[in-house]
Amino acid sequence: MPAILKHNIRKYVGMPLALLAVISMLFSAVERQGTTESYEMFVLRMLTDHYLLIYAMTPIFIFSVFRTLEEDTPFLLVRSRKFVRYFYTKYLAGSIFAILFVLLQVLVVMITGIGLPLDNAFLVSNEEPLFTHLEAVFGTPVLAAVCSCLYMMVGLAFLCMSILTIYHFFGHRIVTGVVLAAYGIMALSIKIPALGALPFITLNRYVILHHNFTVPNGVWWSIAGMVVLLLVQWLWIRYAWYCPFSRSWKWSPKGLLFYYAHALWTRRNFLWLVMVTGGLTLWMAIIGGEESVQDYMLRFFYGQELGTFHLLTFLQQLIFYGTPLYVLALFMEKWSSEDHLSVFIRIKHKKKWPAAVILNGIGIHAVYTALTFGFLIMWSLLMNKSWTAGTLPVPDTMGAGMWPVFALLKMMEFSLLFLALFLLFLWLKNITAAYLLVMGAHALNLIAGPALAYNPAGLVTVSRLLLLEGQTVSSLIQVFTVLVMGLILLLFLVRRSYPRFFQ
């Protein structure tokens, strides 16, 4: 058993530890320059800096654990009398690594701080509430640093054990998804305090001691959570170690709708949607500088003003509107060709074909809209944009409360353009021509005219809403009416036109 323990510990040692040492040394060296703090206060500050702990230390530790995830070899299993004892040895190795991991960081910080004056007392201004609270709880910086390090060791050991357990029962894919989701909550907890206050699922409360101080009895809740979850894992390994679950979960829906969804929702298509929405929103966030979230979203959805031409805005509109339509156009071109004639032959009721295409198209645009607003909120949080009222001159009807309605109208606009693309494809039987005609509708916005104010291409933009706002009826109601009438008309035309596709 000692040989197996040494073997497991040796697997953790590698480049991640060197990377941790380098990052800790650089960060500590930068913070040490010009500091007037005592040696003890400097060490405490470095060991409680949540930016360093969340964005550097925790990812490196998780990566170190993931490097060791592998199937248990028969050679190691044979040397252990019982699998349970072997797995507990892996637990022990992970716990020892967690202790060494934290000690390495402490050693680097202590070496970097050599030369600072010694004074084991809290001498900080009231502008730093963290140290004020630590002084009230612990009394001295050394005691606060020791308790923070011990808590961090326990938390990282718990994290390592949990990863090993989930991997054993559910496999690599499930443990990756769970850890990424948990770390995502941890990374956003700095910007969204409500996430950091969630019990049991937030890694920061298991790793960073002072993150528990914002919740009544937070430390005890976190310790209780670790004890309960460790007990569950211990019982699971003790009595059900031979029951992996990762290969038994299968869901195979049937029907043309799910058949097309399987072909449409590929990793490549989803990556296209993520790259475009993430890239456009990030670009607008960077050029916006210091602004409120309200102004940021208004600028992103401002669009092309009627009768004017701005090259970057026009290109942004073409990319933003054209990406989901392009994905759907490629899908229809491939799956409506003669190569997939057998699919049409097997359809008992031909009306199921347009219904399957339309529902998948609407689903794509719903996800596209959700990704857009999700990235807008994410970049706003990461760039620390204020949540105060906007400064751009817009009517009161375009305040913060309009965005849920705006998101719904945006999805309706996308769906209307997709139905126009599908209808033209049924008539022309040429997806390239249909796509160019729909995208060409954006060029009509370069022409000034009262009738073109209701052009569906770019209808749900801030500039168009401002243009229609001066009338007696609210612009949101006008746009909603136009979209509903357009959707009903196009659905009727598709219903009447789809039989000609099979002729």
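Each Cβ is built from the backbone N, Cα and C atoms, and glycine gets one as well.
Among the features that TrEMBL reports, transmembrane segment is placed at 12-30, 50-70, 91-116, 136-167, 174-198, 218-237, 270-289, 309-332, 353-382, 402-427, 434-453, 473-494.
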**Fill in**
In the same chain, residues at least 6 away from the ends of the transmembrane segment (136-167) whose Cβ sits under 8 Å of its Cβ atoms read 38, 40-41, 43-44, 47-48, 53, 61-62, 65-66, 69, 87, 90-91, 94-95, 97-99, 101-102, 106, 120-122, 174-175, 178-179, 203, 206-210, 213, 226, 229-230, 233, 236-237
**Message:** Do any residues, 6 or more residues outside the transmembrane segment (309-332), come within under 8 Å Cβ-to-Cβ of it, and if so which ones?
**Reply:** 260, 263-264, 269, 272-273, 276, 280, 302-303, 357, 360-361, 364-365, 368, 414, 417-418, 421-422, 425, 431-432, 434-435, 438-439, 442, 446, 457-458
**Asked** Which of 12-30, 91-116, 473-494 shares the most C-beta pairs under 8 angstroms with the transmembrane segment (50-70)?
**Response** 12-30
**Item:** Cβ contacts under 8 Å made by the transmembrane segment (218-237) with residues that lie 6+ beyond its boundaries
**Value:** 84, 87-88, 154-155, 158, 161-162, 165, 168-169, 199-200, 205-206, 209, 211-212
**Prompt:** Excluding the flanking five residues on each side, which residues at least 6 beyond the ends of the transmembrane segment (91-116) place their CB within less than 8 Å of a CB in that stretch?
**Reply:** 5, 8-9, 11-12, 17, 20-21, 24-25, 28-29, 32, 35, 37-39, 42-43, 46-47, 57, 61, 64-65, 149, 152-154, 156-157, 159-161, 164
**Asked** Between the transmembrane segment (473-494) and the transmembrane segment (434-453), do 3 or more CB pairs sit under 8 angstroms, pairs being 6 or more residues apart?
**Response** no
